[in-house]
């Protein structure tokens, strides 16, 4: 078994969509970044990569590389999913939290879970997504950005093998 922890944050700005978990959320602001700035999917990818000591998303998808400009983070998640499978691992579960003062995200969480589960080819029952606020504190509380945290558990599929 391997455990990974991921974290991501992006600044909120105007004239850009708000995409979380691959869901386009109606809001007057969006997240600014090189890709689609989906902090939830970015945190999940960092957790998965970290569990296998494979670096982070900046290593695999450098912001200096224009082929990742405005790319859907779900496409990047598909790459990470294939990478962990190629190493002989499968996902036990993923637990994530989005930290945002607004908008209210509860209505969109089922679609986020479904999008992530489809890409990872797992049941939605092992994908947890929650949303919380910071009660007006910090940059998320001041509505300057959105953050996400994720933790994952990976299982080694290879019988009688030594963990990485």
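Positions of Cβ are set from backbone N, Cα and C atoms, glycine also.
Annotated features in Swiss-Prot:
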type	residues	note
BINDING	8, 9, 10, 34, 35, 56, 57, 58, 132, 133, 134, 135, 139, 142	4-CDP-2-C-methyl-D-erythritol 2-phosphate binding site
BINDING	8, 10, 42	divalent metal cation binding site
SITE	34	site 'Transition state stabilizer'
SITE	133	site 'Transition state stabilizer'
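Overlay of Swiss-Prot feature records on the structure.
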residue	record	Cβ within 10 Å
8	4-CDP-2-C-methyl-D-erythritol 2-phosphate binding site	25
10	4-CDP-2-C-methyl-D-erythritol 2-phosphate binding site	22
34	site 'Transition state stabilizer'	17
35	4-CDP-2-C-methyl-D-erythritol 2-phosphate binding site	21
42	divalent metal cation binding site	28
57	4-CDP-2-C-methyl-D-erythritol 2-phosphate binding site	24
132	4-CDP-2-C-methyl-D-erythritol 2-phosphate binding site	13
133	site 'Transition state stabilizer'	15
134	4-CDP-2-C-methyl-D-erythritol 2-phosphate binding site	14
139	4-CDP-2-C-methyl-D-erythritol 2-phosphate binding site	16
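Residue 42 (divalent metal cation binding site) sits 19 Å from residue 139 (4-CDP-2-C-methyl-D-erythritol 2-phosphate binding site), taking the Cα positions as reference. A strand conformation is recorded for residue 132 (4-CDP-2-C-methyl-D-erythritol 2-phosphate binding site) in the three-state DSSP classification. Note on proximity: of the recorded positions 10, 34, 35, 57, the one nearest residue 133 (site 'Transition state stabilizer') is 10, by Cα distance.
When the Cα atoms are compared, residue 10 (4-CDP-2-C-methyl-D-erythritol 2-phosphate binding site) and residue 34 (site 'Transition state stabilizer') turn out to be 10 Å apart. Residue 34 (site 'Transition state stabilizer') falls within neither a helix nor a strand when secondary structure is assigned with DSSP, and so counts as coil.
Each residue contributes its Cα atom, and for residue 139 (4-CDP-2-C-methyl-D-erythritol 2-phosphate binding site) and residue 34 (site 'Transition state stabilizer') these two points are 20 Å apart. A separation of roughly 25 Å, to the nearest angstrom, links the Cα atoms of residue 132 (4-CDP-2-C-methyl-D-erythritol 2-phosphate binding site) and residue 34 (site 'Transition state stabilizer'). You'll find the Cα of residue 57 (4-CDP-2-C-methyl-D-erythritol 2-phosphate binding site) roughly 12 Å from the Cα of residue 34 (site 'Transition state stabilizer').
Cα spacing between residue 134 (4-CDP-2-C-methyl-D-erythritol 2-phosphate binding site) and residue 34 (site 'Transition state stabilizer'): 26 Å, rounded to the nearest whole number.
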